[in-house]
């Protein structure tokens with residue numbers, strides 16, 4: 001008898017929740033609150049807690065402390081409470097359960113004190129800073145004939161801002177019979193965390209944009225370095241869930257309107273508003289699009305080509321000067337002037353012709369040269385090169401000589417023609 005009395009305290013707590021049934025648990029209303037002793041299914045990432053003899057599943061935007069044992073969110077009853085240490089598997093949850101096989105282990109009923117997390121929303125009571133934008137009182141969804149412009153994606157949910165209120169795409173709806181029309185349904189978002197993230201610029205390059213963009217912007221969360229979990233999109237009762245967890249999980253409360261919450265996760269990376277580093281980009285472009293010009297190599301190459309051209313022209317000019325010298329010194333016309341011997345014989349002995357002496361006084365004075373200065377092309381540039389004065393003076397002398405010879409030949413030919421016409 002004494003042994004039986006000692007066993008009573010052990011039996012009574014175990015069956016203390018036996019008054020609850022599956023039907024009574026499912027009939028309980030949803031509650032937006034903070035639960036302790038929370039555990040997570042390792043496969044589905046759903047979060048569960050026992051409360052008042054029932055098993056509750058966290059849906060929508062879930063915000064937890066650093067150790068993830070205390071979470072704030074919208075809690076939905078999905079069945080009877082799971083006995084300790086049986087986890088969220090199919091055996092514990094049954095047809096109304098919240099998890100796939102063997103997912104996770106429930107902590108003891110009286111766990112340690114939660115470690116404060118690094119969240120903007122307080123996971124202990126769901127409070128948030130005053131003054132943030134709130135959803136209008138009207139909870140009715142809007143139906144659109146086509147996908148609206150300037151929407152944005154976050155955690156696989158599609159959102160838009162409409163007159164200061166956020167709405168989330170929750171699927172298509174058909175109306176009418178003849179014809180049947182399909183509409184895109186956008187349900188108002190009631191998540192405080194989602195509004196906080198949107199209006200405080202925690203969505204990188206997505207909170208404010210304009211234009212006519214058909215494709216949604218893909219947002220990246222840029223809040224604090226996060227110890228926060230990332231809840232599954234449209235989190236419901238899990239893969240093993242029956243009518244209790246499944247139906248509540250996919251609706252607008254379970255994941256449609258609240259499934260894309262900001263504080264529920266994201267990469268946690270980045271800081272600030274994504275300032276563009278123009279100087280860094282300019283240096284990168286400079287390094288990629290320019291090259292370090294070898295000034296010495298460019299000058300050497302240009303000088304080599306100019307020297308080659310000057311040598312060729314110098315050889316030709318030397319030959320021409322030799323021919324002209326022979327003609328001027330009375331050695332007879334040679335080279336380029338060999339064909340003019342007969343004409344020269346008619347007017348005298350080369351440059352000593354009396355005809356030239358008579359007209360020498362009428363020839364203009366020779367021009368005076370000025371001091372030479374090197375010709376520099378592209379000064380201060382990588383492709384800079386210069387032409388020295390020795391080559392410039394050579395060109396000037398040859399060019400002047402050619403002008404004189406051309407003038408001489410023109411005058412000579414003119415008077416020769418006059419003499420020939422006179423003799424004929």
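Placement of Cβ uses the backbone N, Cα and C atoms for every residue, glycine included.
Features reported for this protein in Swiss-Prot:
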- 86-105: compositional bias 'Gly residues' (COMPBIAS)
- 132-147: compositional bias 'Polar residues' (COMPBIAS)
- 235-273: compositional bias 'Gly residues' (COMPBIAS)
- 25-54: disulfide bond (DISULFID)
- 64-71: disulfide bond (DISULFID)
- 206-219: disulfide bond (DISULFID)
- 19-85: region 'N1' (REGION)
- 86-104: region 'G1 (Gly-rich linker)' (REGION)
- 105-141: region 'Hinge' (REGION)
- 236-274: region 'G2 (Gly-rich linker)' (REGION)
- 1-18: signal peptide (SIGNAL)
- 398-418: transmembrane segment (TRANSMEM)
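When the C-alpha distances from residue 219 (disulfide bond) to the disulfide-bonded residues 25, 54, 64, 71 are tabulated, the minimum falls on 64.
Note on residue 219 (disulfide bond): other Cβ atoms within 10 Å of its Cβ, all shown chains, come to 22. Between the alpha carbons (Cα) of residue 54 (disulfide bond) and residue 64 (disulfide bond) lies a span of roughly 21 Å. Averaged across the region 'N1' (19-85), pLDDT in this predicted model comes to 86. When the alpha carbons of residue 25 (disulfide bond) and residue 71 (disulfide bond) are compared, the span between them is 20 angstrom. Note on the disulfide-bonded residues 25, 64, 71: the fewest other CB atoms within 10 A surround the CB of 25. Across the region 'N1' (19-85), the DSSP tally of helix, strand and coil residues reads 5 helix, 33 strand, 29 coil. The Cβ neighbour count for residue 54 (disulfide bond), using a 10 Å radius over every protein chain in view, is 25.
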